[in-house]
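Undergrad: First, the structure itself, so that you have it in front of you.
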Amino acid sequence: MTDTTLLAPIELSDDDSDELIFVSSVKLGKRKSSDSPKPRKALKQTSLQAAPVTPTADRSDAAKAQLIQLGQSPGSGSFAIHPHIFDLEAAFTRKAAKPIIKPPDLDLLLFKPLMTPEGCSKVYSYLLNELPWYKVKYTVRKGIDIVTPRYTTVFGQDDTKTQALSRYKKRPRPIPYLLEELKRHVESISGATYNFVLCNFYSDGKDSISWHSDDEAFLGPQPTISSLSLGGARDFYIKHKADGTDKHHFSLQDGDLLVMRGKTQERYLHSIPKRAVARPRINITFRRAINTYGTDNYYKYNVGDGPIYRFRDGKMCLADSTD
Ligand SMILES: O=C(O)CCC(=O)C(=O)O
């Protein structure tokens, strides 16, 4: 028998997780809220620091090669990733997935959890400390600028795998070894393949992602997107684009993997709203872009043209040239 959950509608708070809007660098307010805007505070020191990762003495050739490969990334600053390789196999729970479906549109699979607490802690610590992070600012209309309310970073290249790099606005970056290993495992259990890994870092409850769907044409029809949560729990909301009563929410906790399939992106919006208090959290989404528009889009909105941030001494800091 299939363990199928038919969701009952629930009430959503409309505490939306809006991006801050700036007009010609002067802040206007939030996108969907009538609240008067408050200045964005500097990041506080965060308390969630996972146990340090002990690098194995014997790094794999693939990881070593990648350290060299990742050394430069024109358009997004230069950075290096120092691979701490550990046995990921032991990090997975092998728990079966719970389907969450509402025919004909909602089609989710929830692995609760996919990863052990120890595995989560190692991967969280590695990603937070080793990846280059960005705080992307972009323009939606002339004079209207948005600052993404979380840190982001992305790796991968679309299906064309073109070597004619001049076709891209930014040079695609190879997927770091550990994320590639994670991707492989997620592919094997979700039955889909991916060529992009997008990471979000929500430093506290003020960080969020507003209502959206990942339904861009460059993902092809009915894309499968898998989303792994590490660190602090956050509420995940999903609502039907046409039927206002069809709303659901659940808590995504350390190690949970949510797979969104079928018509989910076409028919539903999802969000992680702001909260008064929330522990730091990393979210990793695995996606597949079929053409170069996908690559340009993902680097534009997850790397951008601003500086690199590094997580140092418990907080995000602007990286200096030696970092
Ligand atoms: O953080 C999450 O769980 C959701 C992330 C998301 O929706 C996205 O990156 O498009």
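The backbone N, Cα and C atoms fix where each Cβ goes, and this holds for glycine too.
The feature 2-oxoglutarate binding site is assigned by TrEMBL to ASN200, TYR202, HIS212, HIS270, ARG281, THR285, ARG287. What TrEMBL records for ASP215 is substrate binding site. As annotated by TrEMBL, domain 'Fe2OG dioxygenase' applies to 193-290. The region 'Disordered' annotation in TrEMBL covers 29-57.
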Undergrad: Which binding-site residues from the set ASN200, TYR202, ASP215, ARG281, THR285 come near ligand 1, judged by a Cβ under 6 Å from any of its atoms?
TA: ASN200, THR285
Undergrad: For the binding-site residues listed here (HIS212, HIS270), tell me which residue's CB has the most neighbouring CB atoms inside 10 Å.
TA: HIS270
Undergrad: Could you pull the average pLDDT for the domain 'Fe2OG dioxygenase' (193-290)?
TA: 98
Undergrad: If you measure HIS270 (2-oxoglutarate binding site) to ASP215 (substrate binding site) at Cα, how many Å is it?
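TA: Counting only the Cα atoms, the answer is 11 Å.
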Undergrad: Please report how many Å separate the Cα atom of ASP215 (substrate binding site) from that of ARG287 (2-oxoglutarate binding site), as a whole number.
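TA: Pair distance, Cα basis, whole Å: 11 Å.
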Undergrad: Taking DSSP three-state, what's ARG281 (2-oxoglutarate binding site) in: helix, strand or coil?
TA: strand
Undergrad: For the domain 'Fe2OG dioxygenase' (193-290), jot down how many residues DSSP puts in helix, in strand and in coil.
TA: 7 helix, 47 strand, 44 coil
Undergrad: Say we define neighbours as other CB atoms within 10 Å of the CB. Which of the binding-site residues ASN200, TYR202, ASP215, ARG281, ARG287 has the fewest?
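TA: Comparing Cβ neighbours within 10 Å for the binding-site residues ASN200, TYR202, ASP215, ARG281, ARG287, ASP215 has the fewest.
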Undergrad: When you measure from the Cβ of THR285 (2-oxoglutarate binding site), which residues in the chain that are at least 6 apart have a Cβ under 8 Å away?
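TA: Listed in sequence order: VAL197, LEU198, CYS199, ASN200, ASP214, ILE225, SER226, SER227, LEU228.
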